[in-house]
């Protein structure tokens, strides 16, 4: 079994990667050059770029000693060894010397091809190349990239014909981009007018109904929420006639019902490539899977195409069996948790039936209790009152009727749904203001699993959405509290980050005997962490009704019945899988009233 990376020395290609956002030559003594053995012997292993004033490392002259990695005060340098089969002539695209490199490409085909991988591994780059927005440079920076070289490179493969069509404008590609929040900056107008303008199929009314867009047709794009923008972007892509469609993270901002509505619509298209971090949605959507692995921001490798079940399972195991490559040291396995009778444990918090009116929205919640060490997952559509309920528990707002009863001096820690980077200082400053972060326990339980080591010296205001989310989760869980309230902790996180966060939440609940309320739309995430469910139903934006905490099976069954989605559990990994609508298993489970998973 070959280890895909984490190697130094030997007969293989070496990558020297510099994070130029972290590199600050004006604030250091150029330790990378000062201590480099090659430079000290008079070689040009590291030189200063005249334009940027920042170092450039020669991957040919670099010996791979790793001294610059250890000496750099800003942790900006990585030296990574690759297996010899990943030689320089296997590079499909490079963003420059000492920058990200992509090996391999996804093969478009009829049906839906899904791509799974960490953030920063090159998934969006693959989509841009296949959509004709970026001509791959094959790792050559000394001349402008052109399709003739690309066609020659892929000669004899399925991609040769595809790039020939791209060159001759013979492929009409429709691309739904990842960051839909930028759309109001480049497109102006009302939703209905914009969708009618791009409708080339005469399916405007059908799409409006399927994606539940009727109530926002008269609104300006600039007035829409993230979830509304996402649905409009998906609708606009679907309504256009194309030879191939690309969807980059279509489930972001959407609730569970909206995710499956979008997935059903996307599956109607003939040829699709989709990037998605919600494993259940990806499984439901796709006919084939490509795994992308490597080192984020350094290099990414595209696997051969695989069947959906095999592809997702191999990703979770961290092992490509046909290629005989292991790319992750530890597999991700969803152990079945024993059902615990929490009623034998002390009560942390209880609440009576509560009512709250906010403007035109009315919320009613049945009473309930949370016990020590219990995690309660909160399920329901957007705009149904889940966040309002969490705010009632946190004491951020008061109920109009009813009360929250804390048993003794109970402390509550709350991570809100929408996080604003309004802290002046570094991540280390923020976390240190809450607790002592320089202990071995904190490093092993929070810093390492949430991958915060390289963020500690970063300014909070400069963090991306996913980075800010991980810091906010760490801040919430670092507080000395008895109950933790987390609103959509999986938002902006990739597959592996979501699974790490779920394990951190579960471990803290078990070890500290803390109570947890978790709102999230990722069913796999909720299935892993939760002991019981609270289910919200109603009419979004008008009224919401929250149940009392229910056992996991009954709660999930109630929720999925409302969604008209059935689940089974994969026998190999234990992960929940959504049945394809209308399949034999889907029909059988609906007839039995068993919407939650059954074993295969």
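Using N, Cα and C of the backbone, Cβ positions are placed for all residues, glycine too.
It should be emphasised that the depicted structure is a prediction, and the values quoted were computed from it without experimental measurement.
Annotated features in Swiss-Prot:
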DOMAIN    14-44  domain '4Fe-4S ferredoxin-type 1'
DOMAIN    53-82  domain '4Fe-4S ferredoxin-type 2'
DOMAIN    77-318  domain 'ABC transporter 1'
BINDING   117, 118, 119, 120, 121, 122, 123, 124  ATP 1 binding site
DOMAIN    348-563  domain 'ABC transporter 2'
BINDING   380, 381, 382, 383, 384, 385, 386, 387  ATP 2 binding site
REGION    569-600  region 'Disordered'
COMPBIAS  569-594  compositional bias 'Basic and acidic residues'
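Here the features listed in Swiss-Prot are placed on the structure.
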| residue | record | CB count, 10 Å |
| --- | --- | --- |
| 117 | ATP 1 binding site | 26 |
| 118 | ATP 1 binding site | 20 |
| 120 | ATP 1 binding site | 16 |
| 124 | ATP 1 binding site | 19 |
| 380 | ATP 2 binding site | 27 |
| 381 | ATP 2 binding site | 23 |
| 382 | ATP 2 binding site | 19 |
| 383 | ATP 2 binding site | 17 |
| 385 | ATP 2 binding site | 27 |
| 387 | ATP 2 binding site | 18 |
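Sequence-distant neighbours of the region 'Disordered' (569-600) (same chain, 6+ residues past either end, Cβ-Cβ under 8 Å): 260, 264, 279-281, 283-284, 309, 312-313, 316-317, 332-336, 523-524, 527, 553, 556-557, 560-561.
Here the candidates are the binding-site residues 119, 120, 122, and by Cα distance the one nearest residue 380 (ATP 2 binding site) turns out to be 119. Residue 122 (ATP 1 binding site) sits 30 Å from residue 382 (ATP 2 binding site), counting Cα to Cα. Across the fold, the C-alpha of residue 121 (ATP 1 binding site) and the C-alpha of residue 387 (ATP 2 binding site) stand 33 Å from each other. Sequence-distant contacts of the domain '4Fe-4S ferredoxin-type 1' (14-44) (same chain, six or more residues past either end, CB-CB distance under 8 Å): 52-59, 61-65, 67-68, 71-82, 98-101, 295, 297-299, 454. Taking the centre of the Cβ atoms of 380, 381, 382, 383, 384, 385, 386, 387 as the ATP 2 site, the nearby residues of that chain (Cβ within 8 Å, site residues left out) are 255, 536, 540, 544. Long-range C-beta contacts of residue 384 (ATP 2 binding site), restricted to its own chain and to partners at least six residues apart, with a cutoff below 8 Å, comprise 536, 537, 538, 540, 544. Within the model, the domain 'ABC transporter 2' (348-563) shows a mean pLDDT value of 92, rounded to a whole number.
Same-chain residues that are not part of 117, 118, 119, 120, 121, 122, 123, 124 yet have a Cβ within 8 Å of the Cβ center of the ATP 1 site turn out to be 292, 296, 300, 494. For residue 119 (ATP 1 binding site), applying a Cβ distance below 8 Å and a minimum sequence separation of six or more within one chain yields 296, 466, 494, 497. Note: the domain '4Fe-4S ferredoxin-type 2' (53-82) comprises 5 helix, 8 strand, 17 coil (DSSP; helix = H, G, I, strand = E, B). Residue 387 (ATP 2 binding site) and residue 123 (ATP 1 binding site) have their C-alpha atoms 32 Å apart, to the nearest angstrom. The DSSP breakdown of the region 'Disordered' (569-600), given as helix, strand and coil counts, is 9 helix, 5 strand, 18 coil.
A gap of 31 Å separates the Cα atoms of residue 383 (ATP 2 binding site) and residue 123 (ATP 1 binding site).
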